[in-house]
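Features as listed in Swiss-Prot:
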| type | residues | note |
| --- | --- | --- |
| ACT_SITE | 340 | active site, proton donor |
| BINDING | 46, 232, 292, 319, 390, 398, 448 | substrate binding site |
| BINDING | 49, 94, 95, 96, 127, 156, 218, 232, 340, 366, 402 | thiamine diphosphate binding site |
| BINDING | 126, 156, 158 | Mg(2+) binding site |
| SITE | 46 | site 'Important for catalytic activity' |
| SITE | 232 | site 'Important for catalytic activity' |
């Protein structure tokens with residue numbers, strides 16, 4: 001069918017008049033000028049990448065998208081995610097391959113939780129389609145029929161270092177998108193009329209996400225730079241920029257502006273502040289339950305307290321016990337399958353604009369794969385909560401590949417991230433409740449084996465407050481643990497007591513922030529002696545965190561017990577002893593400190 005015939009069959013709203021088309025072209029020209037000026041003024045940036053997508057941006061923001069300019073965080077606004085190294089408000093940028101996963105989370109929230117009219121648009125470069133996370137997101141969007149999502153591939157042929165593998169073979173991108181179950185349009189990315197039409201057509205599609213594959217040219221509109229290699233990420237020289245700006249200005253036909261369409265105001269009001277459990281923990285001292293199971297039970301309990309609590313999992317729900325939440329609230333459970341990168345990105349999107357309280361759970365060891373997404377979540381100051389189970393050598397028989405021994409170090413680097421490491425079921429339930437109300441990212445580290453409940457249901461917990469479990473005026477050494485190693489410290493204290501050696505035992509509860517006041521006061525009460533014991537590698541773990549906290553006090557000495565080397569498979573208690581973090585090793589370390 002000829003383009004003219006196809007255009008004639010479209011309704012009037014999909015066929016902007018000649019005056020509107022001129023304004024949209026002029027808007028694209030102004031966007032190019034702004035990108036050139038901005039990058040010249042800072043001597044940094046990507047003006048050629050901006051230029052390739054100028055018409056796309058013009059059509060989206062001034063003809064297609066619905067939003068209130070004066071209220072950019074309005075819940076009814078259409079969402080726009082830009083992963084092309086330019087700024088946007090909802091998530092941090094400057095990365096490649098993550099934008100579509102975040103957009104999936106926004107679209108899923110809009111379709112299934114908010115049940116609202118807002119739509120989600122994600123602009124990507126062709127270069128970032130080399131990232132596997134893009135295709136994780138493509139599979140997710142297709143599986144969940146996210147027909148409120150539009151992904152735009154800006155196919156400008158060039159990457160940072162030169163031509164990309166598919167260059168301008170648009171049919172390759174089209175076939176890939178269609179193979180993933182997406183409704184797909186191919187369009188000339190310089191043709192504002194064609195762009196208006198395909199974006200309108202996308203709005204009519206049901207049960208499928210839409211991909212718009214737009215053929216563009218890097219540096220569009222800039223003589224001798226357009227479609228030229230080696231200009232990626234380079235501002236134009238000032239003299240050349242001035243000449244190019246004059247050329248582009250000479251092509252602008254009108255000073256008229258277009259106001260965006262206002263959004264349809266049908267998003268529900270959401271209140272996710274001060275979410276409280278409806279009852280205290282239902283455990284008795286002496287009960288035995290794994291903290292990973294207690295976490296699953298706590299999530300279900302929190303879900304009852306607030307209907308905006310959602311849980312995502314990466315095909316591990318029977319091991320993380322998120323299946324308990326799934327059974328109670330299947331409509332609020334998102335199965336992300338074995339795609340941890342995308343799971344974290346989707347969680348970021350779901351939590352954006354305060355629409356949900358999102359918890360994402362998997363084995364803590366598998367989260368290393370998603371560290372790039374976690375890092376972006378930190379830069380975005382996102383309020384997502386991540387649960388990592390099966391931490392440390394206490395995992396036991398499953399072996400080293402399943403044992404998270406780097407996760408504390410990883411999350412300690414994230415700005416404003418709170419790290420919970422609960423010891424028993426009671427403290428785990430409090431960790432979940434506190435995380436739901438905390439600002440910034442939270443990480444909850446849970447343990448595989450069953451452990452004994454040591455706290456009463458009435459015990460109160462706060463972020464940054466440790467628990468002193470054993471203390472007396474005769475204490476000689478402070479032993480600091482968290483999670484599984486607290487039990488080893490308590491066992492060591494019992495054995496040393498028989499030898500008239502008294503130690504103070506501290507359960508950190510949160511590793512970040514640390515309870516520095518309690519640590520230092522306990523150290524001073526035990527003649528400056530501290531032993532830390534952790535089911536984690538020494539690098540970046542509890543020992544190093546405590547050392548940093550007391551580093552300004554020369555009278556405090558810290559000895560760290562941590563896992564070293566690559567662990568083997570075995571029984572949990574055997575491995576704790578083999579790798580030097582059992583009660584036996586704590587006793588030896590205490591006696592050595594006293595001798596010195």
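Every residue gets a Cβ built from N, Cα and C, even glycine.
Annotation for the recorded positions 126, 340, 398: lowest Cβ count within 10 Å of the residue's own Cβ, 398. Residue 158 (Mg(2+) binding site) carries a strand DSSP state (E or B). For residue 448 (substrate binding site), the same-chain residues 6+ apart in sequence whose C-beta sits under 8 angstroms from its C-beta are 290, 292, 389, 390, 391, 394, 395, 396, 572. Those residues of the chain, other than 126, 156, 158, with a C-beta within 8 angstroms of the mean position of the Mg(2+) site C-beta atoms are 52, 125, 127, 154, 155, 157, 159, 164, 216, 218. Within 10 Å of residue 49 (thiamine diphosphate binding site), as judged by C-alpha distances, the recorded positions found are 156; the full candidate list was 156, 340, 398. Closest to residue 319 (substrate binding site) by Cα-Cα distance, out of the recorded positions 126, 218, 340, 402, is 402. Counting Cβ atoms from all protein chains shown, residue 218 (thiamine diphosphate binding site) has 26 others lying within 10 Å of its own Cβ. Here the binding-site residues are 49, 402, and the one ringed by the most other CB atoms within 10 angstroms is 49.
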